[in-house]
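A.B. asks: What follows is a structure written as structure tokens; I'll ask about it next.
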Amino acid sequence: MAAISGAFVVSQPSLSSRQHHSPTMLGIRAFPMSNKTTGGLIRCEVSSSTVSALQQLKKSSIDRYTKERSSIVVIGLSVHTAPLEMREKLSIPVAEWPLAISELCALNHIEEAAVLSTCNRMEIYVLALSHHRGVREVTQWMSKRSGIPVSDICHHWFLLYNNDATQHLFEVSAGLDSLVLGEGQILSQVKQVREKLRSGFGMVIPGLFEKAITAGKRARAGTGIASGAVSVSSAAVELALTKLPPGYASSSAMMLVVGAGKMGKLVIKHLVARGCTRMVVVNRSQERVAAIQEEMPSGVEIIYKPLDEMLACAAEASVIFTSTASETPLFLKEHVESLHLTGAPRLFVDISVPRNVGSCVAELDGARVYNVDDLKEVVAANKEDRARKAMEAQDIIREESRKFEAWRDSLQTVPTIKKLRRKIDRIRAVSVEKFMSKYGKDMDKKTKEAVEDLTRGMVNKILHGPMKHLRCDDTENRRLHETLENMEALNRMFELELELLEEKIRAKMEQK
């Protein structure tokens, strides 16, 4: 078994309020691992001598680390805190989410992880043994993967812990943190994360996303915040129509849509709703475009063109919408220059992250380029009504957050129950072995089995009371806080904290 060397934070400050935008306020950015934030570090070499190392930690004057449960942490950059250039470098395609989760879970202080990467946000949710060390490891991982210096990530991130992280995800799921307040696509993206986590990526983080979906659905149904809400796609259409040159109308302007995925399909639907009856759609395959054609009302003409005809189609279009998953730009300055555009400037409305239209295209006199960050002016118009509905949704979010925390708290008793039974049974087994070595030579098999049965029965009777007071299955008329107090008392009396920590560390060693 390979040895692992790590440093464990034994003291961590509580975050009493949500520090959403300013990492400096968290005391982490300037001194990420200084004594100002950790209260000191203890080095703990984890190898084949794990138990002795843990004993040293236990005997030290500072053993609070063993008594603190793992923290839920979200390290995020969103449209509210980070520029598009940074978000597109950090973005992770959906197909790569499982690999990213596996890499995050392999970090020394990360037990569970999830990735939520969309056009407006890049957020990583983790269950961390130490939230300081965990944040440091995840940030370094993000930097290595994206090529962005850690200092730049820290300048634009937001960090939230435990209850604040839970409430944030629930707000995200409900559309309260979106650029377009109440937009519906983010809920389906949260569901995508939940599906990726169903392949055995822990219990707490998958449970968090499961509860977030419930909270999002309840908030939308209970407040109507999503009714009439504009999506990113509809906002893009609205922006394009407001930027059309004088004399152009939605019915006469030539529209080109590049990409027939979910976003592209919504763009087409919103164009039709605004009176556009003819448009060209460029896509890798014709099947998706054909499916969209079948959904359109009579009188709407959708012309399919393959990807290799994209530039020729762009030369004829008044507005070019791009919404593909390409990780490299489809339109660069030299591409647009080759079109020899004349007349009114062409409008490029790019709602992809990473961007499909290079920023250099905006330098051309014949082109106007807009991206997802330019949609804010459209969104501002209907913000007041949704702000009122968002306040109503907060009550639902808080209620669902309390339910999740109660569920998570109830999970704490499970390892305590297992460790208590395992420890008592070890004591029993050692005692029986000593007894048998001294008196068992003259015993027959039946008598030996009777001794085993007798001692097991004694253990079960002794454990019946403690186990009864640790149950969280509603069979006892006992409140959760009473059960947790019982758990903490048993952890102290039987010195189980060390064993719980040892189990976590051994799990990390097995991953290595």
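Every residue, even glycine, has its Cβ placed from backbone N, Cα and C.
Curation does not apply to TrEMBL; its annotations are automatic.
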A.B. asks: Under TrEMBL, the annotation coiled coil belongs to which of these stretches: 22-56, 57-91, 477-511?
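C.D. replies: Coiled coil, as annotated by TrEMBL, spans 477-511.
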A.B. asks: How many whole Å apart are the CA atoms of Thr118 (substrate binding site) and Lys262 (NADP(+) binding site)?
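C.D. replies: About 13 Å separates the two Cα atoms.
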A.B. asks: Quick check on the recorded positions His168, Lys262: which one has the highest count of other Cβ atoms within 10 Å of its Cβ?
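C.D. replies: Checking each of His168, Lys262, the winner is His168.
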A.B. asks: Please find which two of Thr118, Cys119, Asn120, Arg121, Ser178, Glu183, Gly184, Gln185, Gln189 have the most distant C-alpha atoms, given that the record lists them as binding substrate, and give only that distance in angstrom, rounded to a whole number.
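C.D. replies: Maximum Cα-Cα distance: 15 Å.
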A.B. asks: Among Thr118, Ser178, Gln189, the binding-site residues in question, whose Cβ has the most other Cβ atoms within 10 Å in this structure?
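C.D. replies: Sorting the candidates by Cβ neighbours within 10 Å, the top entry is Ser178.
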A.B. asks: Beyond Thr118, Cys119, Asn120, Arg121, Ser178, Glu183, Gly184, Gln185, Gln189, what residues of that chain have CB atoms within 8 A of the centre of the substrate site's CB atoms?
C.D. replies: Gly175, Leu179, Val180, Ile186, Val232
A.B. asks: Measuring Cα to Cα, tell me the gap between Gly264 (NADP(+) binding site) and Gly184 (substrate binding site) in whole angstrom.
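C.D. replies: Rounded to a whole number, the Cα-Cα distance is 15 Å.
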A.B. asks: I'd like to know which of these binding-site residues, Gly261, Gly264, is least surrounded, judged by other CB atoms within 10 A.
C.D. replies: Gly261
A.B. asks: If you count the other Cβ atoms within 10 Å of each Cβ, which of the binding-site residues Gly184, Gly259 comes out on top?
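C.D. replies: Most Cβ neighbours within 10 Å: Gly259.
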